[in-house]
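Per Swiss-Prot, the features are:
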BINDING   Asn15, Gln49, Asn66, Gly76, Asn77, Asn155, Asn187, Glu204, Arg205, Gly214, Ser215  substrate binding site
ACT_SITE  Cys75  active site, proton donor
ACT_SITE  Cys213  active site, proton acceptor
Amino acid sequence: MISKINFVKMHGLGNDFVVVNKRDLSSSYDLSQLAKNMADRHTGIGCDQFIIYEEHDDFYEMIIYNIDGSSAKLCGNATRCLAKLIYLDTGKKDITVMVGNKKLLCNVEDENNISVNVGKVSFNEVWMPSRDKIWELAERYMIDLKETICVDIGNPHLVIFSKLEPQDQKIVGEKLQAKELFADGVNVNFAEVKDNKIYLSVWERGAGLTLACGSGACGSFAAGLKLGFIHSPSTVVFKYGSLTMKEENGNIIMQGAATLVARGEYYCEQ
């Protein structure tokens with residue numbers, strides 16, 4: 001039997017998503033498999049992550065799947081996209097999004113300026129692998145471990161303040177997913193600082209290198225503040241645009257654009 005699913009295609013600075021309202025999904029769907037199918041760029045719609053949302057009385061719940069069908073704990077760009085979608089559909093400007101137990105406060109200033117308060121981050125050494133385990137990688141790719149830091153922003157990020165070529169970013173990103181290094185994988189941020197701006201590339205666990213990463217921007221901004229490389233406010237620059245970052249009372253706030261690409265129907269065999 002073939003069923004129809006309404007979807008929205010959106011992107012934040014090139015980081016793209018297929019977004020579906022939970023009310024349009026049958027309870028019989030295997031959501032992990034559906035995510036893999038719809039995310040496929042050859043046989044599906046194509047995206048970096050698959051987003052399901054549900055409206056509640058005073059917040060919207062967001063569930064995130066990676067292209068490999070695994071779940072993700074946070075996505076800053078997807079949050080901005082969802083906030084814009086809700087604004088376009090309802091006119092609401094102040095929107096609360098829940099991802100798991102993480103509350104994200106969003107404000108739509110206009111269609112091209114959406115801010116998300118992601119709250120406080122922690123610099124969590126608990127899941128940092130022992131230095132000797134990554135010494136070989138650091139030595140081979142000239143990574144300064146004194147300028148490498150773990151940030152937990154609701155999902156785990158390893159921020160490396162060293163310039164690596166794209167082909168080396170791919171290799172290092174893949175190698176750091178090894179279970180003996182990070183049991184659940186890790187998002188790897190390659191950050192370069194110039195004139196109080198962070199130029200960022202991110203290897204996302206479950207997705208690989210993406211054109212932009214909102215949570216990576218937040219984590220890298222927080223890491224840059226802690227290490228004294230930048231001050232607030234700052235800008236995080238990606239290939240297709242930038243995010244404005246600031247810190248207020250310990251909370252990290254990002255602001256940037258989100259783009260609606262298309263609305264359509266996906267036909268699913270059950």
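Every residue gets a Cβ built from N, Cα and C, even glycine.
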Of the recorded positions listed as Asn15, Asn66, Asn187, Arg205, Cys213, the one whose CA lies nearest the CA of the residue listed as 'active site, proton donor': Cys213
Sparsest Cβ surroundings (other CB atoms within 10 Å) among the binding-site residues Asn15, Asn66, Asn77, Asn187, Ser215: Asn66
Candidate nearest Cys213 (active site, proton acceptor) in space, where candidates are the binding-site residues Asn15, Asn66, Asn187, Arg205 and distance is Cα-Cα: Asn15
Coarse DSSP state, helix versus strand versus coil, of the residue listed as 'active site, proton acceptor': coil
Three-state secondary structure, which DSSP defines for Asn66 (substrate binding site): strand
Listed in sequence order, residues not in Asn15, Gln49, Asn66, Gly76, Asn77, Asn155, Asn187, Glu204, Arg205, Gly214, Ser215 with Cβ within 8 Å of the centre of the substrate site Cβ atoms: Asp48, Ile64, Ala72, Leu74, Cys75, Ala78, Val202, Ala207, Thr210, Cys213, Gly216
Nonlocal residues around Arg205 (substrate binding site), in sequence order (Cβ under 8 Å, 6 or more apart): Asn66, Ser70, Ala72, Gln177, Asp184, Gly185, Val186, Asn187
